[in-house]
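> Mind looking over this structure? Questions follow.
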Amino acid sequence: MSAVIALVGRPNVGKSTLFNRLTGSRDALVADHPGLTRDRQYGIVRHQGGHAVVVDTGGMGEELEGVGGCMHEQARAAIAGADAVVFLVDGQAGATVGDEEIAAELRRAQVPVFLAVNKTDGLDAGVAAADFHGLGLQPVHAIAATRGRGVGELLDAVFALLPPAEPDAVGSDGPGGIPVAMIGRPNVGKSTLVNRLLGEERVVVYDEPGTTRDSIAVPFERDGQHYTLIDTAGVRRRARVQETVEKFSVVKTLEAIERASVVMLVTDAQEGITEQDAHLAGHVLQAGRALVLVINKWDGLDPDQRRKVRRDLDLRFAFLGFARHHFVSALHGSGVGLLLESVERAHAAAHRDLATPELNDALQEALANHQPPLSRGRRIKLRYAHQGGHNPPVIVIHGNQVQRLPRAYMRYLENFFRDTFDLYGTPVRIECRASDNPFADKPNQLTERQRRRRQRVIHHAKKREKKRKRRR
């Protein structure tokens, strides 16, 4: 097991900035906006040959009701599971009542606490730290997370007290497994579904659209298979995205789609299938990611409403015939147990190796069942196929005049290969390449005999044309 370092403090003291500095990433969303981080974000910090798991938490102590109370509980959970706590305070704002309350709570936690005075850029470190001696936590480390000043000395002190990590406890890419991104509109139940799959209140859930603002990666294991769930912020229509923070959240959601191997698109059955749901599905299809459709809040619908939702699915998601549908209730757990089975199947299909002889046999069978159409009086010829990539599977077909293949025939080939190789759950991309003409770049040089013959043909053609004119 790796040691765990929790970053705690009031909102907007620089915890996410320090998290990004320690992990060498930009995983935590950072903006000059208090309360931006709401869920626990995990990363790996490496220092002088050692490593540890670092946890970014939401702000503590500002409000204990609603979302603020949920954030406080998430921070407490991080403290309870930590081997060391870095308590960040704002050197420019000075010590506050909120800092004193958090310090009192940390003293009761029975865990090593390191007080870090952040935002000391342009300030005398000794003067900035002096204001916080009254918190009763020693020693005081003055740092500037944005520039990295003092962070190395802070890590020296923290790692000196941490238990040694096992050599192979953390891979070079951090927690592994199948990366699964949860996407959808705000308040459709993504975080509730994540907590249901994990079996714990891992991310903040509240009956308010936009509770999740950052993309939170949560590694876990089920039946020997490792996964990384990525809970994302809800994406609204562009016209409704006003705040800068929300715009950054949308970007992080789109990045999560690119990072994922499988995407779960969560929709709200009570609100029906909307254009925005179809728009998000289009993003997944464009990225080429495997997809599982989750229709949440299914338990609250009567039979007529369920029939309407199924009709809307067929209408708006007609282009997602390859994706499996699951009708679930994340709140009560009905239907959730089969989701990971679909995730594994989609992931396996997206990364399947397709042997070239089998692809060519399938191509010949497809041609025998349905020949390509004529183009300008000539038959389009498809000669051979091979695999060109994974996630999504790419099948490259070589032939003549392939650039004139109709879109309908491309869909036929896509569906044929999907049925033949069981590529359900993932899009399949067909790339057509025209066979090279070995004489394409060579000048057309005639022999002497060919030139004389060409001149005779031209001469006779002119004579025939003159005779026709005289007859008129």
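Using the three backbone atoms N, Cα and C, a Cβ is placed for every residue, glycine included.
From Swiss-Prot, for reference:
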type: BINDING; residues: 9-16, 56-60, 118-121; note: GTP 1 binding site
type: BINDING; residues: 184-191, 231-235, 296-299; note: GTP 2 binding site
type: COMPBIAS; residues: 450-472; note: compositional bias 'Basic residues'
type: DOMAIN; residues: 3-166; note: domain 'EngA-type G 1'
type: DOMAIN; residues: 178-351; note: domain 'EngA-type G 2'
type: DOMAIN; residues: 352-436; note: domain 'KH-like'
type: REGION; residues: 434-472; note: region 'Disordered'
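What's the neighbourhood like for these features in this structure?
Look at N12 (GTP 1 binding site): DSSP puts it in coil. All protein chains included, N12 (GTP 1 binding site) registers 19 other Cβ atoms within 10 Å of its own Cβ.
The predicted model assigns the domain 'EngA-type G 1' (3-166) a mean pLDDT of 80.
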> What does DSSP assign K190 (GTP 2 binding site), in three states?
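Where K190 (GTP 2 binding site) sits, the three-state DSSP reduction gives helix.
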> Which has the fewest other Cβ atoms within 10 Å: T57, T120, N187, T232, the binding-site residues listed?
N187
> Around K190 (GTP 2 binding site), how many other CB atoms lie within 10 A of its CB?
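I get 30 for this one.
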> Which number gives the other C-beta atoms within 10 angstroms of the C-beta of W298 (GTP 2 binding site), all protein chains shown included?
21
> What does DSSP call M60 (GTP 1 binding site) in the simple three-state scheme?
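Looking at the DSSP assignment, M60 (GTP 1 binding site) belongs to neither helix nor strand, so coil.
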> Count the Cβ atoms, other than its own, that fall within 10 Å of the Cβ of G9 (GTP 1 binding site), considering every protein chain shown.
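Within a 10 Å radius of the Cβ of G9 (GTP 1 binding site) lie 27 other Cβ atoms.
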